[in-house]
Ligand SMILES: [Fe+2]
């Protein structure tokens with residue numbers, strides 16, 4: 001099913017979906033009707049997100065959660081010290097746990113705000129070499145934007161199955177349980193959005209087409225498993241991990257309808273727009289999805305990509321210029337090279353340019369761009385992304401201990417401007 005935030009309806013068994021009722025007295029086959037809300041009941045209609053699930057057992061059927069003792073690198077809390085105004089960059093970590101599944105292979109690199117504020121975003125990396133077996137993950141703290149960097153993820157959510165290869169991103173709503181299966185090893189990024197659900201950005205003067213088009217978002221059809229046997233539910237809740245064990249698989253939703261659902265999107269379908277005259281536009285022109293804050297135009301989180309595209313601007317410094325922003329920028333690289341850095345930013349790596357940190361091209365990229373013959377040229381074979389937020393990121397201890405020690409040197413040795421005598 002395609003479309004973003006549209007009203008979907010799907011049933012894995014004919015007749016499972018009630019017609020003309022959300023909660024009939026007796027749903028078909030003895031299924032249980034359950035509403036999953038992604039917004040307050042009274043949110044304006046265009047922001048209202050909810051789906052009705054028809055399942056074999058209600059989610060309410062579980063024993064008390066207890067603290068989860070595994071996955072010490074996922075949701076560990078941020079470093080307990082003042083945040084230095086330093087620019088930070090990381091190579092892909094080489095010491096993530098081996099042999100882990102997706103849950104235990106997650107490591108939190110940075111976050112901002114308390115999940116209980118219903119604002120903020122966290123950035124995690126993952127390295128998994130095993131399928132989740134006999135367990136599911138659910139995040140009460142926010143939706144998960146999964147950005148594979150290597151290896152394909154097969155995600156079985158309550159609302160259906162979807163496959164995510166590198167070059168695709170997947171969005172799993174707050175509260176939706178899922179299991180991830182993999183073959184070989186899989187690495188990538190997760191942006192966890194505690195705030196308003198991601199949506200497509202307004203297009204303003206761009207018009208009714210362009211950037212990410214709604215019809216390119218794919219939502220799975222209903223799929224369920226009928227499994228009686230132990231299934232662990234790991235829940236991230238208010239920044240901590242909790243566990244309980246059911247006597248059945250909770251991936252037992254036979255039919256559902258509504259506009260709150262997982263979806264996936266192929267980044268190659270992004271219609272990039274840029275200058276055809278001069279000057280380098282703000283990176284907001286590359287926004288795929290946005291989570292607004294309560295301040296108009298100031299995003300709680302923007303998911304932005306830097307895809308292959310033509311560069312044709314005349315008398316223009318084509319890479320990003322030097323800048324300092326109120327917004328804070330976490331960047332990752334799925335593959336290829338990012339045009340503002342000559343070296344040191346590897347696929348699977350990460351960088352952080354926080355509130356008012358001066359950054360931009362390194363010396364080599366600046367020199368190359370300043371001397372370039374400005375023929376039309378195409379940036380090819382690359383996909384970088386940014387999760388930009390109005391709340392400064394706070395790195396975790398794990399991240400601080402692994403930051404590149406010499407990142408500042410990327411901006412050393414710029415020649416001094418020569419004023420007329
Ligand atoms: Fe930047």
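Each residue, glycine too, has its Cβ placed from N, Cα and C.
For reference, TrEMBL has these:
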DOMAIN    1-267  domain 'Homogentisate 1,2-dioxygenase N-terminal'
REGION    1-27  region 'Disordered'
DOMAIN    269-416  domain 'Homogentisate 1,2-dioxygenase C-terminal'
ACT_SITE  280  active site, proton acceptor
BINDING   323, 329, 359  Fe cation binding site
BINDING   338, 359  homogentisate binding site
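In the three-state DSSP scheme, residue 338 (homogentisate binding site) falls into the coil class. Annotated Fe cation site 323, 329, 359; additional same-chain residues within 8 Å of its Cβ mean position, judged by their own Cβ, are 320, 324, 325, 353, 357, 358, 360.
Note: the domain 'Homogentisate 1,2-dioxygenase C-terminal' (269-416) comprises 25 helix, 44 strand, 79 coil (DSSP; helix = H, G, I, strand = E, B).
Each residue contributes its Cα atom, and for residue 359 (Fe cation binding site) and residue 280 (active site, proton acceptor) those atoms are 16 Å apart. The local packing around residue 359 (Fe cation binding site), expressed as other Cβ atoms within 10 Å of its Cβ over all shown chains, amounts to 20. Only 329, in sequence order, out of the recorded positions 280, 329, 338 have a CB under 6 Å from ligand 1. Of the recorded residues, the residue listed as 'active site, proton acceptor' and residue 323 (Fe cation binding site) place their C-alpha atoms 12 Å from one another.
Around residue 323 (Fe cation binding site), the C-beta neighbours below 8 angstroms that are at least 6 residues distant in the chain are 358, 359, 360. When the recorded positions 280, 329, 338 are compared by the number of other CB atoms within 10 angstroms of each CB, 280 has the fewest. In the region 'Disordered' (1-27), the DSSP tally of helix, strand and coil residues is 0 helix, 5 strand, 22 coil. Within the model, the domain 'Homogentisate 1,2-dioxygenase C-terminal' (269-416) shows a mean pLDDT value of 94, rounded to a whole number.
Distance between Cα atoms for residue 329 (Fe cation binding site) and residue 338 (homogentisate binding site): 15 Å, as a whole number.
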